[in-house]
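Asker: Pulled from TrEMBL, these are the listed features:
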type: BINDING; residues: ARG26, ARG77, THR108, LYS169, ARG271, VAL272, ARG273; note: GTP binding site
type: BINDING; residues: CYS33, CYS37, CYS40; note: [4Fe-4S] cluster 1 binding site
type: BINDING; residues: TYR39, GLY81, SER132, MET203; note: S-adenosyl-L-methionine binding site
type: BINDING; residues: CYS266, CYS269, CYS283; note: [4Fe-4S] cluster 2 binding site
type: COMPBIAS; residues: 323-332; note: compositional bias 'Basic and acidic residues'
type: DOMAIN; residues: 17-243; note: domain 'Radical SAM core'
type: REGION; residues: 320-339; note: region 'Disordered'
Amino acid sequence: MSRPLPDGPAPSPLTDRFGRVHTDLRVSLTDRCNLRCTYCMPAEGLDWLPRPELLTDDEVVRLVDVATRRLGITEVRLTGGEPLLRRGLPGLVARLHALPDPPELSLTTNGIGLARSAAALRDAGLSRVNVSLDTLRPERFTAITRRDRLPDVLAGLRAARTAGLAPVKINTVPVRGVNDDEIGELAAFAVEHGYRARFIESMPLDAQGAWDRDRMVTAEEILGRLGERFDLIPAGRRDNAPAEEWRIAGTDTVVGVIASVTRPFCGGCDRVRLTADGHLRNCLFATEESDLRALLRGGAEDTEIEAAWRNCIAGKGPGHAIDSPEFRRPDRPMSAIGG
Ligand code: SAM
Ligand code: SF4
């Protein structure tokens with residue numbers, strides 16, 4: 001429930017010119033990462049944002065406060081880069097949870113370090129977690145992420161479940177010839193351990209610009225692979241959620257498929273993204289951003305930040321058209337935008 005502003009009426013929704021109401025904010029806390037997933041980053045040579053350019057905790061809290069009190073944002077997902085690399089993350093989560101209109105708080109992470117921090121994050125007010133996991137095979141994990149950290153990720157998953165950060169979702173990006181033969185195994189792993197599984201079509205958002213449509217595994221193929229192993233019962237799509245969901249017959253396990261490329265869900269998009277350096281993007285694929293950090297550091301009032309935010313959403317296009325010849329890659333990669 002949103003409260004009336006001390007100086008005005010309850011916030012009017014953050015609506016764009018197509019009538020889409022935006023309630024879900026993704027906040028990138030860093031562009032750095034301790035893995036180098038091949039579909040996301042090059043092995044080396046990616047420059048990080050200089051530290052002074054990153055939003056401070058105070059600045060993140062201020063922007064989320066404006067978003068929740070004035071703009072009707074109800075959900076905030078913390079992401080990156082790798083958000084667990086952000087120092088003092090439980091403290092930041094606690095401050096967001098203590099806002100006058102606290103959003104539902106979730107985290108997207110590669111899971112490294114989650115074994116140590118899951119309980120503290122839950123105590124601070126985090127509700128849910130998505131953990132990226134593309135393979136259960138150690139050598140393959142090292143080939144995909146260029147780091148030998150599979151045991152840390154599995155320990156992180158277990159800790160998240162024990163801490164009650166439920167539902168714990170596993171995010172997998174299948175890549176042809178790399179891990180597409182493991183789709184059924186990963187879903188079976190989710191069934192066995194009480195996680196949810198989500199399979200995501202790879203998108204042209206890698207920092208090195210090497211995305212190849214032919215190596216993307218389509219939603220249809222993903223469903224084909226799952227169907228070879230399980231009976232799937234359609235569970236629909238939750239309001240504005242990108243994943244189409246199925247329940248695996250005879251289990252409580254839900255699997256989701258995110259068909260960003262072949263069946264984009266732009267018509268129901270309710271998301272807005274804040275980069276780690278304080279730029280607001282109305283789409284993953286936006287080619288323009290609004291510099292909220294400059295406003296913050298220039299002493300702007302909440303009303304000015306609100307106006308800039310509404311203006312950014314007003315300029316949102318109908319969709320990203322990845323699969324069309326007119327598609328233009330955004331200047332920032334996924335790791336710098338916040339996935
Ligand atoms: N480091 C965290 C993680 O891996 O979960 C959070 C950031 S990561 C950019 C967020 C999500 O984006 C992950 O689930 C990851 O698999 C996904 N991702 C990264 N690059 C992608 C790409 N090119 N296409 C589709 N999904 C991608
Ligand atoms: Fe890091 Fe996540 Fe990108 Fe993998 S997908 S390199 S874990 S930011």
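The backbone N, Cα and C atoms fix where each Cβ goes, and this holds for glycine too.
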Asker: For CYS33, CYS40, CYS266, VAL272, listed as binding-site residues, tell me which one has the smallest number of other Cβ atoms within 10 Å.
Answerer: CYS266
Asker: VAL272 (GTP binding site): which of the binding-site residues CYS33, GLY81, SER132, MET203, CYS283 is the nearest Cα neighbour?
Answerer: CYS283
Asker: Do you know the DSSP helix, strand and coil residue counts for the compositional bias 'Basic and acidic residues' (323-332)?
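Answerer: So the compositional bias 'Basic and acidic residues' (323-332) is made up of 0 helix, 0 strand, 10 coil.
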Asker: Work through the binding-site residues one by one (GLY81, THR108, SER132) and name whichever has its CA nearest to the CA of CYS269 ([4Fe-4S] cluster 2 binding site).
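Answerer: Nearest in space to CYS269 ([4Fe-4S] cluster 2 binding site), counting only the binding-site residues, is THR108.
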Asker: Using Cβ atoms and a strict cutoff of less than 8 Å, what residues sit near the region 'Disordered' (320-339) while being 6 or more residues removed from its termini?
Answerer: 26-28, 31, 33, 40-41, 46, 49, 79-81, 108, 203-207, 209, 213, 260-262, 264, 266, 273-276, 281, 283-287
Asker: Rounded to a whole number, how many Å is the Cα of SER132 (S-adenosyl-L-methionine binding site) away from the Cα of THR108 (GTP binding site)?
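Answerer: Cα-Cα, rounded: 8 Å.
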Asker: Check the binding-site residues TYR39, SER132, LYS169, CYS269, ARG273 for any whose Cβ is under 6 angstroms from an atom of ligand 1, and report them in sequence order.
Answerer: TYR39, SER132
